[in-house]
Every structure is written in C-alpha cells, then in structure tokens.
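The following features are taken from TrEMBL:
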| type | residues | note |
| --- | --- | --- |
| COMPBIAS | 1-11 | compositional bias 'Basic and acidic residues' |
| REGION | 1-48 | region 'Disordered' |
| COMPBIAS | 22-48 | compositional bias 'Basic and acidic residues' |
| TRANSMEM | 176-199 | transmembrane segment |
| DOMAIN | 188-266 | domain 'Potassium channel' |
| TRANSMEM | 211-231 | transmembrane segment |
| TRANSMEM | 243-262 | transmembrane segment |
| DOMAIN | 325-387 | domain 'Potassium channel' |
| TRANSMEM | 366-384 | transmembrane segment |
C-alpha cells in the first residue's frame, strides 16, 4: 500500500505492543536526560528545544474566520459519520487528501472572479483559500511524521494547535482599531440619541448663543465613560422611559470604556512598557551573589512608586496649565479660579471623583472631551500598577530565593524525583523550578498527570504503539464517491 502523500511505499503492517516496547528505550533514571557538551554550550537542550517548538507552532498559527473553522470541523465530522468510523474526532488520511483536492478545485474556480478580487481589495479573506491553507498545513504535517494512508488524522487537535480565530471584518481584526471604532460609534451615537431623537435638554445644553448642543452631548459621553460625572449634565429621569434609556446608556458606556482601555493598554503603550521593564531591570538588577533581598525590594518599591507619581502629577500639570488658559480668556463669574482651585479641579477629575462644586465655562468642554478619557486611562493604569506591586514583590522574593540556590544535598533532595539517585536531570530541574517560582501549582499538575495516566495506561509511558491498540475501521477499498457526496459548500 502506498501513501497518498508520498511516492515511496510505506509499511502498513502494525507492530505488536511487545515488539514496540522492545524498540522503545526504557528510561528509568534521571541520567538519561543529562546535558551533552554541545547542549551546555549552544543552549540546545531537550527542554529548550521543546519550548522553541511550541513557541514556533503558536507563532505560525494560521489566521482563519469562525466560518472557516466551522466548515473544517463539520465537514470532517460528516465524513467520519458517512464512512462509519467509530470515532468522530478523526478521519483517515485518504479522506483528508480528497477533502483538500475538492477545496483546491473550488479555489481555482474562484480565482479570477470579479467578486473575489473585489473582496480582497477591501481586505476580506477568501474562506476557501483560508481553508485550503489549513489543509495544506495538514498535508505538510502528515508528511513530516510519515503517516500511512490508513492512519488517523486528528482534525480537532490539528485545528486547535494550528489555527487562530480572527474577525471576518477587516476593520475589526486589530484590538486597537476595534476599540477606536467602538469609541467613534459611542461618541457619534450620543448626540444623535439625546439631541436628535430624545431631545433631552439636560444632556444637549447649548451655549449662551443657543449653539453647540452636540458639544455638550460629546462632553456628557466623556464624563459618563470616565465615571467622573460632575453633575452639570444629566438625563431627565423624571420621564420614565428616559430613565430607562439612561440606565442602558450607562451600562453601554462602561462596556465600551473597558474594551477601549484594555486595547490601549495592550497596543498603543507597549513600547513604553518595554522601556519600563528595561529601566526596572537596570535599577533593581539581576541577582548578584551576596546581594540582599531587602535591597532589591527597596529599589523595586522606589521605581514603581516614582513611576506612578510621575504619571499622576504629569497629567495633573497638563490639566492645570490648559485650564489656566481657559480661565484667562473667560469672563464667566465664578470661573476665575486660583491656582489651588485649579489643582483641586484637576485632582478630582483625574481620580474620577468629580464633585461638580466648581463653576466651569462652556468652552472648557471642548478640552474635557479628550482630557477626561486620557487622564482616566493613565491614572487607572497607574493605580493598577500600585495594586500589582504586591504581586511584583512576591515574584521578586521567589526569584531571589531561586537564583541564590547552589548545589547542595538539600537542593538535590528537594528537586529530584522518587529514584533518590542523587541526580537532578533537566526535566526534574524544570518542574521543580516552575513549582518553586509559583509558575505552576499542584492544582495545575494534578489534571495534567491524570491525563498522562489515562494515555499511558499500564505501560507507564506514552508509546507509538498505543494508538494502534484503538479500534480501527476495516476499509478494503477507497470509496471516492462517498467523500464527494459530502457537500462542503453547504457547511
């Protein structure tokens, strides 16, 4: 029998469990995983190689829409049911190749269509081309591990580890871009809702000339989203249905604010986060033999608290000087604040308290539309860092205790497995270090080992012969028409 994926013939005979056990090297001691001279020099140990393999696979995942993923899973499941396979989470490789050929023919047919070219120019993905890319990756995968055409292809596992979901809409794929669209939609809908539909004068207050009511509505959107709420604008809740609209509006503003601020934290200010980490590493420093823990903790506190203070007072200074310009240009009674009153207004704004006890000019709302959102994000980010300082100190203590360890009888007894052979291999050291550093806990380990016991069975190892023990379909010939009858277009 020859494989549909390779020209050379493959041996399809199944090896018995006893023969497979004889061929698999049995490892009973930790010395099996010792580092070679090359691995010590080139950072190419088994652990590092495994870590790089998983990171590369995660980075190389194919971006697909939900429709493509659903089509792949439902088509493979239908093939399995139609062919009477005992399991619906896998199909044979011959089925995979036929599925791939069908999709390839579909892509070739759509290649020169006007609609397909137009969608590509607009940034939309062609679902058939994306599905073909996934199947081509599967084709490469089964060739690399040299599977036979009667072997199983676990399509659900392959789908999870090799694809990553993205939105079908081009403007919705980037988190930051999605947040910008949400903010734009939220701000545009506010004056439309309260000024054009509801006609709520409590939100759309005009200036002394009776103009720019929509500016008040945008200002109201910022005060609501930032939770400042000075109280100078509000929904007229005396009318019952307007109160309900106000409730829904507040909930929507909270959702939009969370999504927008989270996206900004993950995208826009990432470079600042990188420089911050470098500066923190430079000040706190890596562990040096003889360094005391309390010295590193002191410097960590100083750096974190200084950073928070700089962000907070910088934003307040920006607010103070900008508002002073509005004060100099305004003749409004009660708006001639002193410097201390300006500082008082700035702090109650950036902390989102917003007492609303100060009289502000209408022109100042132009500035507050932007300042309220920006300052709320930065101060929220600073307060988040303050809350995370406790966890940072815990991590530093664990790192310091782990880095200062040296080879000793206590270390060997602590890290070695049950062999008690006086040796620690790279895998034992890795697991013990992850537990010591708090990266994993026993709650993480227990389900993993339960899964290992399930897969290893009586052998104590997971071996290549284990998947041959499973029930396999008795297929004497390749039913081409059966796969062709699976309508991939309707899925």
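Indices start at 1 and increase along the chain as displayed.
Note that Cβ sites are derived from N, Cα and C of the backbone, with glycine treated the same way.
Per-class residue totals from DSSP over the domain 'Potassium channel' (188-266), listed helix then strand then coil: 50 helix, 0 strand, 29 coil. Residues 175, 178-179, 182-183, 186, 190, 193, 198, 221, 224-227, 235, 237, 376-377, 380 of the same chain sit 6 or more residues outside the transmembrane segment (243-262) yet have a Cβ under 8 Å from a Cβ within it. Helix first, then strand, then coil: DSSP counts for the domain 'Potassium channel' (325-387) stand at 41 helix, 0 strand, 22 coil.
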